[in-house]
Amino acid sequence: NKKNDQENVDFETAISLTGFGKYNYLMLLVAVPAAWSTLFDTTTMSYILPSAECDLSLSNLNKGVLNAMVYAGMISSAFLWGFLSDTLGRRKLLVAGYLVLAIIMILSSLSQVFWVLALFKFFGGFVSSGPFAVLLTYLAEFNSSQHRARIMMIVGIYTSLGIITVPGLAWLLIPQSWSWTLFGDYKFNSWRLFLLVSAVPGLLGGCTIWFFEESPKFLMSSGRTQEALNVFRKVYRINTGNPAEMYPVVSLAKDNRAEKETATPEESQSKNRDPMIFLKEGYKQIRPFFHKPYVSKALLVFTIQFGGLWSLNTIRLWLPQLFAIVEEYFTLNESTSGNATLCDMLSMRTGKQVVNETALSLDQVCVPVQVGDTMYLYSIIVGAITALFNLSASSVINCLGKKKILIIGYLGGCCCVVAMYWCNSMEILLVLSSLYIGSGSMSANALLSVVVDLFPTTLRTTAVSMTMMIGRIGALTGNLTFPVFLEVSCSLPFFLMGAIMCLCSLLTCILPRTTGKALE
């Protein structure tokens, strides 16, 4: 042993001694398709709805269900992924998760009827919610505390680029007139090809992560310190170019968790795999949020998140459809285009569908929305502006404070969504929707940051997870109710979402100050 060899080294010291180099850069490269996979699964549906309307005989409610099913899947598997991640390990779960998600997306592209596509979207949501959260943990556990924040920021940039990539890919494929009939009456056309190509990031992510090592942090927490040491040595060798034997650690400290649980890795794993112990632990983690002193804080942030994401994700996922309808209206009614509001355009389209449905008995065909280039171009612009909002969020929050950002963001969102009711041009709709979705996304991120400040360290992870799940329930509710309210009265969903955003802004005013980093 060399003089500088270290024994019983903790995780942070061990990972910092591996350096930052090729291994970390390769992981960041692999993170691109992995991060995009989840984003593609949750976003692609909103771009195919105008084109798939007639192929799948979709009503407005059917479209709402297709947008909502992803969130229904995410909610149903919310408590599963933490258990699986701690039982199976990060790497296995990521490989299996992304490959299964890719297979589901490929199968969804073959759907010929509405309910089959809805079922695959549910399963896609069920699978997709886990891998992304596990990916962040996996990346964090291969980087020292010095680089961890930067890595998370880079993944945020990937997500922002993905928001722009989805409409770009849709623009490239969906407008094409490609159509193939297989096995007699089995139809495969451009929007189905778009869904098929959207599975590529998942395939790439799952296949490439296979070549990386298991998280050394997970191995240490499972009591498998020798395996963890081998991983550290390999990362050190690839990062520095030095032989693995030169890694200056000869043994690792046992993780506190492993010591508490059992003496051997085998016993530890069998205990981890007991679902009843997992459920009891889960209940212990959730219980404090229903009792003082945390119940009032939890109720407040959960309500704000529910309302904020109800409004934000409803408009976000229906926006391509709105752009398509408005674009079609201006194409067909150039002479009267300046006088009609958004609701006039929507009511004309709804009326047209009713006429078509009645006409089907006379053997006339359904007339889909005429989708032009503007829908895709404007969706890319909204995505780019949203990305700018998200990337500038940290500096804006540091300048103004989290509480002010939330109040301004939700109040601005209220004004934008209500103003959409009187919108009478594509350009105004673009400006309002860009500001609305951008400020809404920034507010959602700021609220999660507030949650971290409001709760103690032992409850933070659970608090963030529960807040995100409540937000998904809001998104699910919004997408299911939007078409129903639209049928009752066009003004109802816009004014309701405006009222919800206004309420979120008011509730933000009564958020308590935090110790340490204040909200103000």
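Glycine residues also receive a Cβ, built from the backbone N, Cα and C atoms like all the rest.
Per TrEMBL, the features are as follows:
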| type | residues | note |
| --- | --- | --- |
| DOMAIN | 27-516 | domain 'Major facilitator superfamily (MFS) profile' |
| TRANSMEM | 68-84 | transmembrane segment |
| TRANSMEM | 96-116 | transmembrane segment |
| TRANSMEM | 122-139 | transmembrane segment |
| TRANSMEM | 151-173 | transmembrane segment |
| TRANSMEM | 193-212 | transmembrane segment |
| TRANSMEM | 294-312 | transmembrane segment |
| TRANSMEM | 375-393 | transmembrane segment |
| TRANSMEM | 405-422 | transmembrane segment |
| TRANSMEM | 428-452 | transmembrane segment |
| TRANSMEM | 464-486 | transmembrane segment |
| TRANSMEM | 492-511 | transmembrane segment |
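Using a cut-off of 8 Å between Cβ atoms, the transmembrane segment (96-116) and the transmembrane segment (464-486) share fewer than three residue pairs, counting only pairs 6 or more apart in sequence. Within the chain, the transmembrane segment (151-173) has long-range Cβ neighbours (under 8 A, six or more residues past its boundaries) at 24, 28, 31-32, 35-36, 39-40, 43-44, 47-48, 135-136, 139-140, 143, 190-191, 193-194, 197-198, 320, 373, 376-377, 379-380, 383-384, 386-387, 390-391, 394. Contact between the transmembrane segment (492-511) and the transmembrane segment (375-393) is not supported: fewer than 3 Cβ pairs lie under 8 Å, counting only residues 6 or more apart in sequence.
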